[in-house]
Structure formats: C-alpha cells, structure tokens
C-alpha cells in the first residue's frame with residue numbers, strides 16, 4: 001500500500017481528495033481509490049508505476065479506451081479514476097469526475113487540431129517547387145542544384161548513353177527545377193554532342209510553337225507588372241533566375257516554366273532514345289533456346305523506346321508478345337487464352353528451353369509413339385522373308401480384341417492353341433485347315449506359300465471340256481438333214497473358214 005500511496009503527495013494529494021466521485025455527490029476520492037486502481041492495473045497486466053506521471057496516465061488511457069465499449073463497470077471506473085488522476089498531475093481545476101472527462105476531451109481535441117494544422121503546413125512546404133525555397137523573410141529564393149545531383153546525372157548518361165531508362169532518370173533528378181537548373185544539367189554532359197544538337201532543335205521547334213500559341217499582349221505593360229514568358233524565356237536563354245521564380249510562384253495565373261521546359265526536354269530525349277535504339281519491336285523474337293523471361297525483358301525494353309501511344313503499346317503487347325515467341329512457348333501461351341496475364345505467361349513458360357523441359361517433351365513424344373505402337377512392333381518389323389506386310393489393325397489372339405497383341409494382353413491367359421482351342425500345340429503349329437506339301441510338311445502360318453512357290457494357282461487358258469461339247473451339240477441342231485456325216489468334210493475341221 002505504501003508504493004501505491006506514493007502516486008500522489010503534498011498538494012496533489014490534497015487536490016485529489018477534494019474531487020467528488022459524481023456531480024452533487026458527497027463522496028470524494030480517497031487514497032484507497034489509488035490503491036484499488038493499482039491492483040486493477042496489475043490485474044489487466046499493466047504497469048501501475050505509470051500512474052505517477054501525466055504521460056504515463058495518457059498511455060494507460062490510450063490502452064484502455066478501445067475496451068470501454070465492451071468492458072465491465074469495473075473497467076469504466078478504472079478509466080474514470082485515471083482521467084481524474086491525469087487532471088491532478090496537470091493541475092487542472094475540476095470538481096468531479098464528469099468535469100475531468102470533459103477536460104480530457106477538450107485537450108485531446110485541441111491536440112488533434114494542432115497536429116492536423118502542422119501536417120497541412122508541412123504538406124504545403126513539401127509541395128513547393130524545390131529548389132525554389134522560402135527564406136526567413138518569406139521570400140522565394142532559388143537554391144542551386146547540388147553537385148551530387150549533377151554527378152549522378154552525368155554518370156547515368158555515361159553508363160546508359162540514351163537508353164530508354166535515361167528519361168525517368170532525368171525526370172527524377174530535375175523534379176521542381178527551373179530552366180536554369182535544367183540547362184546546367186545539359187551543359188554538364190561532355191560527350192554525345194550530336195544527340196544534344198538534336199535536342200536543341202526540338203527545343204527550338206517547341207519554343208516557336210509556344211510563341212505562336214501564346215502571343216504577347218499589345219501595348220505597354222502596367223507599372224510593376226512583369227512581362228509574360230516567351231519560348232526563349234522558358235528555355236532559359238533570355239530570362240533570369242528571378243524572372244523564372246516569379247513566373248512559377250506568382251499568385252495570379254502562375255506559369256511553371258520549369259515543368260514546361262522539362263516536357264520539351266523529354267520530347268527531345270524520346271527522339272534521342274529512338275536514334276540510339278534503332279531496333280524495332282517487330283524484330284524482337286524469342287530464340288529457340290532463349291528463356292521466356294529474357295525474351296520478355298528484351299521485348300519491354302524495346303517497347304519502352306517506341307514512339308507510340310499507350311493504346312498502341314497495349315496492342316503490341318497483346319499481339320506481338322505471343323506471336324514472336326518460339327514454337328514451344330507459343331503453344332503454351334495459346335493454350336492459356338487471350339486473357340492471360342503476364343505473370344501467368346511467365347509461370348507457364350518457366351523452364352522452356354532448358355534440360356528439364358527437353359526431357360519432358362522427349363518423354364511425351366515417346367509416350368505418344370508408344371501409344372500408337374501399343375501392343376508390339378509395327379507391321380514392318382513383323383514381316384519375315386518375302387511375306388507381304390500386314391495391313392489393318394492389330395488383333396489379339398488371346399481375347400479377340402483389336403488394338404494390342406497377345407503379348408501385352410491383360411486378360412487371363414487362354415490355354416491351348418489360340419486357333420483351334422486344343423491343347424498340346426501352339427497356334428503356329430496348328431494343322432487345322434492347313435494343307436501338306438509333297439514333302440509332308442504344312443504351309444507356314446498365315447496360309448501363304450514359301451517364296452519359291454507360285455502364290456496363285458495356275459488356271460488353264462483353254463475353255464473347259466463341258467463348254468466345248470455343248471457348243472458342238474448346238475451346232476448340230478442348226479445344220480440340215482443333208483449333213484449326215486459332219487466330221488467327213490473339211491468344214492468340221494476349220495469351221496467357218498471354208
């Protein structure tokens with residue numbers, strides 16, 4: 001109890017004992033309430049020593065406040081006691097617990113407003129056009145670009161030349177810069193003078209277009225008013241730093257000359273990128289053994305340098321990415337369908353062209369060939385000697401089904417000969433329906449004769465004897481009675497030739 005009682009001493013303890021528990025109540029806070037609060041905090045796994053300071057009380061209130069909606073009356077009483085103790089530590093004059101809660105809400109509300117105003121101020125300061133900064137007197141002054149930024153820009157141009165990634169590099173380093181700073185960055189480049197000359201031509205064209213679309217006002221300017229910027233003023237050749245700052249930061253109709261000049265530079269950089277990257281997106285094709293990931297990297301790097309709108313680039317991606325892939329990847333990509341994402345494509349084509357993919361393709365090809373030749377050898381390997389090639393489907397002698405031979409048949413093995421069904425011999429030695437030759441041997445299975453035998457039986461060319469006799473009888477019926485001896489004349493020998 002001594003440790004708990006040491007939370008408040010002296011005048012703070014006197015102020016604590018003058019606060020009522022409820023408005024209009026006679027009961028007031030006592031030392032026993034501090035002891036009870038300490039024990040409750042230990043029960044809730046909180047540190048009771050936090051009650052000794054105002055900051056500790058705020059931490060306890062922040063931790064207990066989320067549980068008030070679903071907490072018990074004991075938790076609500078603990079939270080009220082800590083609020084009153086927080087007011088005592090801060091020496092706020094309160095009369096009861098309700099006033100302490102109202103005081104806490106007022107203080108927390110004012111803190112939130114101050115934090116919001118501070119964030120708004122910092123956001124406005126961050127939104128100012130750096131390197132245009134405000135000095136102590138509130139005037140807008142220019143802060144020169146740092147040597148580190150120039151060094152990073154020069155090193156990027158030397159290493160990357162004018163690859164597509166040089167454009168976002170320029171945009172990042174020249175953020176908020178005025179025309180004077182941008183010209184400093186361009187003058188720091190030692191090489192690539194031909195490319196810089198192309199850039200200057202683009203800047204001159206854009207300056208002429210600006211003068212055409214923004215003609216200067218007719219007549220003299222009012223006193224104290226600065227002139228409107230021309231194309232050469234935006235390029236920084238005929239304007240000073242103070243004029244550029246004034247055009248950018250003036251309250252009425254500001255003109256961000258630095259941002260406009262950056263857009264002109266980007267147009268020139270796009271032409272330079274196209275000049276240094278002459279490869280067309282149509283020429284980017286995946287090699288036979290090139291991984292799909294490397295092909296995608298080359299494709300998008302070239303697409304980045306293309307001078308086209310985003311809609312055209314999307315069409316190129318949807319069409320050419322699949323069309324220029326190698327046959328293996330193209331077959332996989334077409335099976336995914338037209339709505340597949342790039343992530344799905346890269347996952348599906350992962351490993352294509354490598355040893356694992358080659359082994360899988362070879363295994364699939366062998367499985368297909370084995371399925372076509374299921375049941376044994378082809379007819380070419382089954383022929384023996386001069387026997388003709390067997391055509392048609394293969395038929396099993398064991399079960400009688402087509403598509404496999406008896407060697408690979410899964411049906412139970414049939415006993416005996418597969419042709420006649422008798423036991424004691426095999427089908428190749430079966431004599432059922434066979435004819436023996438003059439040596440007493442049977443013809444080979446299949447019914448065909450050896451190669452040195454005539455494969456087809458010989459048929460006589462003369463007409464049969466029955467047809468000859470029948471023809472002579474018909475001829476006798478047609479003859480007259482005078483021909484008693486038809487065989488005695490020459491006509492019987494030569495027919496109608498006499």
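Positions of Cβ are set from backbone N, Cα and C atoms, glycine also.
Between the listed ranges 68-72, 73-77, 78-82, Swiss-Prot ties the annotation region 'Interaction with membrane phosphatidylinositol 4,5-bisphosphate' to 73-77.
Of the given residue ranges 215-223, 233-241, 242-250, Swiss-Prot assigns the label region 'PPIA/CYPA-binding loop' to 215-223. Looking at the stretches 148-186, 187-225, the one that Swiss-Prot records under the feature region 'Interaction with host PPIA/CYPA and NUP153' is 187-225. For the ranges 361-378, 415-432, the feature annotated in Swiss-Prot as zinc finger maps to 415-432. Counting only same-chain residues six or more apart in sequence, the Cβ atoms lying under 8 angstroms from the Cβ of residue 413 (asymmetric dimethylarginine) belong to 398. Within the same chain, residues 40, 44, 64, 67 sit at least 6 positions outside the region 'Interaction with membrane phosphatidylinositol 4,5-bisphosphate' (73-77) and bring their C-beta atoms closer than 8 Å to a C-beta of that stretch. In the three-state DSSP reading, residue 413 (asymmetric dimethylarginine) counts as coil. With a 10 A radius on its CB, residue 146 (phosphoserine) counts 10 other CB atoms from all the protein chains.
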